[in-house]
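Residues annotated as domain 'tr-type G' in Swiss-Prot: 10-208. What Swiss-Prot records for 19-26 is region 'G1', and it gives similarity to another entry as the kind of evidence. The GTP binding site annotation in Swiss-Prot covers 19-26, 83-87, 138-141. The Mg(2+) binding site annotation in Swiss-Prot covers THR26, and the record cites sequence analysis as its basis. Annotation comment: Swiss-Prot describes 60-64 as region 'G2'. The region 'G3' feature in Swiss-Prot is assigned to 83-86; the stated evidence is similarity to another entry. As annotated by Swiss-Prot, region 'G4' applies to 138-141.
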Amino acid sequence: MAKDKFERTKPHVNVGTIGHIDHGKTTTTGAILAVQAAKGLAKAKGYSDIAKGGTVRDATKTVTIAVAHVEYESENRHYAHIDCPGHADFVKNMITGAAQMDGAILVVSAADGPMPQTKEHVLLGRQVGVPYIVVYLNKCDLVDDEELLELVELEVRELLSKYDYPGDDVPVVRGSSLPAYNNPSDPEASKCITELMEALDSHIPEPTREDDKPFLMAIEDVFSIEGRGTVATGRIERGVVKVGEEVEIIGLGPNSTKTTCTGVEMFRKEMNEGRSGDNVGCLLRGVKREDIQRGQVLAKPGSITPHTKFEAEVYCLSKDEGGRHTPFFSGYRPQFYFRTTDVTGTANLVGADMCMPGDNVKVEVELHKPIAMDDGVRFAIREGGRTVGSGVVTKILE
């Protein structure tokens, strides 16, 4: 367990890198760490450290899977940064990752321009509620034509506007991550990263934390620590959890379990409490490793209940957005992805005979397992591992 106390001196913001595979997301993350480390504001990490989390090789490259968490500071803020996987097959991680962002750095290779996954990630960002995007045009050193850069920038701005981001006002930083990663102390090489940090500080407002609401954390991972007990990790969605407080484990079964949180840690440092927006591990008294799983939530007792039936407003992705090619009808049985897990359920259309790709419809859903939910919670609709729609719970039925 952690030893150092976590110091809270600067406001805390969650960001992450999104964008097409091989456009340089992980290198950009490494460059930020290297440049900030040279200023004493971060610990540098190598590319392979950031890309770890199970790397699967395709024919030529190492495709980054899983979500890497790193931390660094700017002059004004403390950032927790996730390096989101860019590969279409790993959209599931993208969903768990993107749900954790106050803002995202959209990395686009200036040599290639926006690609299918660039679009997919912006769309996903819009769906899972990433409120702000800052654009980083990478590999500008490979493009010697100023007009081409202008063109790529225009293309990215149009793409953002299409998905309801303020495309005309979004900061676009031009740079090259590899030289900055290799020479972090060289002012010329690192200038683009300095500009990127300034853009993050100025364009992503300090998030209004939901500290005053009742505590809720979606469980992402569970592990046992010898002699200490069971730890559940995740991002605190709302509220505050203090060491010694009672919490409830809810979801994926009819019964909820009450337990006491006997320790909170963040980035291997012990804390007296965890607040909304923090990625923490909670040590739980008397809970066995097998009694708790990803997809459940930890919450203030009595503040949220598990449900299986609800009404929702659903958007079915169009074929061009990577959605279904055919309509669905009442009795449709996809997976519903809530917070950190997929649950199978049945959707029945309300006031419509069918839902075409690209349509918005009202549905009644019955899940096979109960999920902790309240009105306004968002979910993705998935088939065989790909996202075909997104929705928001409008009314809980039972």
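A Cβ is built for glycine as well, from the same backbone N, Cα and C atoms used for every other residue.
When Cβ atoms from all protein chains are considered, those within 10 Å of the residue listed as 'Mg(2+) binding site' total 24, not counting its own. Mean model confidence of the region 'G3' (83-86) amounts to 62 (pLDDT, 0 to 100 scale). Reported as a whole number, the C-alpha separation between THR26 (Mg(2+) binding site) and GLY19 (GTP binding site) equals 10 Å. Sorting each residue of the region 'G1' (19-26) by its DSSP state yields 2 helix, 0 strand, 6 coil. Applying DSSP to the region 'G4' (138-141) sorts its residues as follows: 2 helix, 1 strand, 1 coil. The number of other CB atoms found within 10 A of the CB of LYS25 (GTP binding site), across every protein chain shown, is 28.
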